[in-house]
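Database features (TrEMBL):
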ACT_SITE  A:C224  active site
ACT_SITE  A:H303  active site
ACT_SITE  A:H387  active site
ACT_SITE  A:H391  active site
ACT_SITE  A:H420  active site
ACT_SITE  A:N424  active site
DOMAIN    A:80-368  domain 'FAE'
DOMAIN    A:386-466  domain 'Beta-ketoacyl-[acyl-carrier-protein] synthase III C-terminal'
TRANSMEM  A:20-42  transmembrane segment
TRANSMEM  A:63-82  transmembrane segment
Amino acid sequence: MPQASPELSSSVKLKYVKLGYQYLVNHILTLLLIPIMVGVLIEVLRLGPDEILNLWNSLHFDLVQILCSSFLIIFATTVYFMSKPRSIYLVDYACYKPPVMLRVPFATFMEHARLVLSSQPKSVEFQTRILERSGLGEETCLPLTVHYIPPRPTMEAARDEAQLVIFSAMDSLLNKTGLKPKDIDILIVNCSIFSPTPSLSAMVINKYKMRSNIKSFNLSGMGCSAGLISIDLARDLLQVHPNSNAVVVSTEIITPNCYQGNQRAMLVPNCLFRMGGAAILLTNRRWEHRRAKYRLVHVVRTHKGADDKAYRCVMEEEDPEGKVGISLSKDLMVIAGEALKTNITTTGPLVLPASEQLLFLLTLIGRKIFKQNWKPYIPDFKLAFEHFCIHAGGRAVIDELQQNLQLSAEHVEASRMALHRFGNTSSSSLWYELSYIEAKGRMKKGDRIWQIAFGSGFKCNSAIWKCNRSIEPPRDGPWLDCIHRYPVHIPEVVKL
Amino acid sequence: MVSDGGEGSVYGFRLSSVVPATVTGEDKVHGLSNMDLAMKLHYLKGVYFFRREAVEGLTISDLKEPMFEWLKLYYPTSGRIRRSESGRPMIRCNDGGVRIVEAQCDKSVDEWMAMEDHDIHNCLTYDQVLGPDLAFSPLVFIQLTWFKCGAMSVGLSWAHVLGDVVSASDFINMWGSIMADHAPPRSLGTNPTSPKPQFHQKLSQKPFSLKMTHPIGDHWLLPRANHPRMGTRYFHVTLDQLKRLLSAHSGPHAQSQPFQLLSAIMWKTLAKIQGESEPKIVTVCRNSYGERGDDEILKNAMVVSRVEADIGVAEADVSDLAKLIAEKTVCENGMIEETVGGDDGKSDFIVYGANLTFVNLEEVKLFGLEIQGHKPVWASYSIGGVGDEGAFLVLPAPDGDGGRTVTAILPENQLAWLRRELKDEWGIA
């Protein structure tokens, strides 16, 4: 059609201009180097071999000069290698797959809610609405205690759930990697709500009979972004301790979390949070790079706790009846967006190609200094990463990030499908998403992955990984029996 | 509630749900036939007693775990009643699940079975009613009660609208089979087809076996105000007693069958008790495997017939009554289906207890439920929501016994008379 084609051709032209610009700026050094080398080559050819030999003989090198130069070079190289941060490798990880016995279909969830909250029909209706729009599927799982009407969460039940989830994930990890428990030098367990004494890390050490000089840490209260905080802690520890293995266990124990009151802001977590856990093996041992799946490139942590609204936006508190629950404020999405912007401001320069950074800088200069009325330039992160793992906090979070970062449906597919199959598993959701990408066979050597997690506080943490070797779809893992069914279309509103 | 040793003994009720292992899928519907809808006010209650050896070492998780695969096969049992646009009830297979009840009893199983009042067995099955919240009422409850001695009872509460006693019994037996690791069939036909077309022609004749009740809306409970209170009693007829009765009261030409003979005895005894208002017409209900296809595992496939006595029942010879029951049945299935289908399932009916009803359950595999290789020491079925005329169920007795268990569901005052008469006249206790 004649009307469409000028627009089409102009947009195609623009695309090529953009591509050309990116290629030019990102490879500027290569492009500058080539003419210089050509120039040198021409000069050498022009001079001829005799002239070159004369030039070489005229340079007087005596022994001291040679020795000093070599010494300097060796010294510089040694200092460089010694002060370079150790490479941290992710050897492998294992996600917990809950058994069918713990499955909660929508109909069962709603019926139990009706019976438990029989005097609060409005609260039941509210939960129905949340569940319909949540993006969860019918195979998400809740712990055994929550299947009872009414649930009676005891400390023992919470410990049972913790043992079930953590030990399953650990067993799976030890099996996959061939790691012996006695070889673990650093153990970090993060679980936000359930924090018993002795700690969950002590529970793991007891079960697996780990060494007495193990360095163990237990992070609690840090929300859904605690998984990446643990990775960051492991990385820092692995810089200090040479030739070490670190195991990070990320989970959230649901049993103490089931709120039985009627405050709406506190009922939302009931609808979204589900059982899950992951165990990750990190190492700084050089020879592991042969079999390691990923290399940790950056971890960027952003904390908005200084702002009162951000601090209060996810709050564990008692409702007027004295029942404890986690209250989510209405400003959650706005605060998450701001936290993300702050995180990107630090992450961007670390990962974006020069072309994007230049454009961002130019628009920034234009807007601030020359007061031009330009829109703020949103860098194209798709140029920096092949895969995105966005914490499956809920459908709204994924939608918000997809819009903010201008990602396509395929980029957020891992997050949406993990939310559908496993629900919001808190700090371990990033690992289910990564597992999805691997199960689909999309992970190739050299691919860069961006994991973004949000958590109470309010925090936004990013981890950037580089794929170390091409990964075949694994023969085990949480997606094994259902990956062929995915991706599924998730309707806006599910009819219950 | 006076604790006479029965009702107060069962305590510690904990409810939970089990669901099918895999997602049944959206919009899967199990249609209800006219015969299903005729039975909607009735509830089957089955009790199975297992000795301590049968359940030794089993935790509640061991008992629940096989249920998920089991419910995958029988997914309509996990559904819920919904109404179509025309108001006709159907089952939406939404994986709502089956309700499991865990309870404790402070008596030993021997003490329990020795108790005089047989109504206490009702404490071992959950008091199930569909409605008033019809769309959220489970169709099946399973109550697991642990006795002081370590024995356990399994109480099945089953909405009759799902299927007949054969369906319910096969359902619970399959659980035992899966628990024992016998590979279950990959799928069972559960005829998720739409119900048969409704007849709109003029009814030829009204069925005697079907009685219309007042409209009960979404609360499928037979109204009991101004009605006598019903009681239940289980009578055990040993093989010897049965042989004796059969030889003593067979007709001149043919040997009577146990069901017909026992029904005749009950009929005559009740006629004696009721005197002037003796029941002249009775309903005979036969449950067998012959009436259903291989792929129809959840079905109300009983043959409901009426029998009219043209002789005085109280004075009649038992063998004559038995012959009447055997030969002079008039099948009313067609009429029942026409009546129910006539207004598309909107009216409410009862079948059991509309007249004095005799239910032949001899073919039911009552002792097919096995736990850790052990059969139940005793099992029986009763029915909730039976009309005033009462009902008798004739079931097989425990394995190896060869006799029969007769469940009598009658108004309480008649039940006391019946007990005395049967003991004095017939030696049945």
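Here the Cβ of each residue, glycine as well, is placed from N, Cα and C on the backbone.
Feature map: TrEMBL annotations on the structure.
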residue	record	Cβ contacts under 8 Å, 6 or more apart
A:C224	active site	A:S192, A:E252, A:H391, A:G393, A:N424, A:S426, A:S427, A:S429, A:A453, A:F454, A:G455, A:S456
A:H303	active site	A:G457, A:F458, A:K459
A:H387	active site	A:H411, A:A414, A:L434, A:I437, A:R442, A:M443, A:D447, A:R448, A:I449, A:W450
A:H420	active site	A:G135, A:L136, A:G137, A:V488, A:I490
Other C-beta atoms that fall within 10 angstroms of the C-beta of A:N424 (active site): 25
Whole-number mean of pLDDT values that fall within the domain 'FAE' (A:80-368): 93
Protein Cβ atoms within 10 Å of A:H391 (active site), excluding its own: 31
Residues in the domain 'Beta-ketoacyl-[acyl-carrier-protein] synthase III C-terminal' (A:386-466) grouped by DSSP into helix, strand and remaining coil: 34 helix, 21 strand, 26 coil
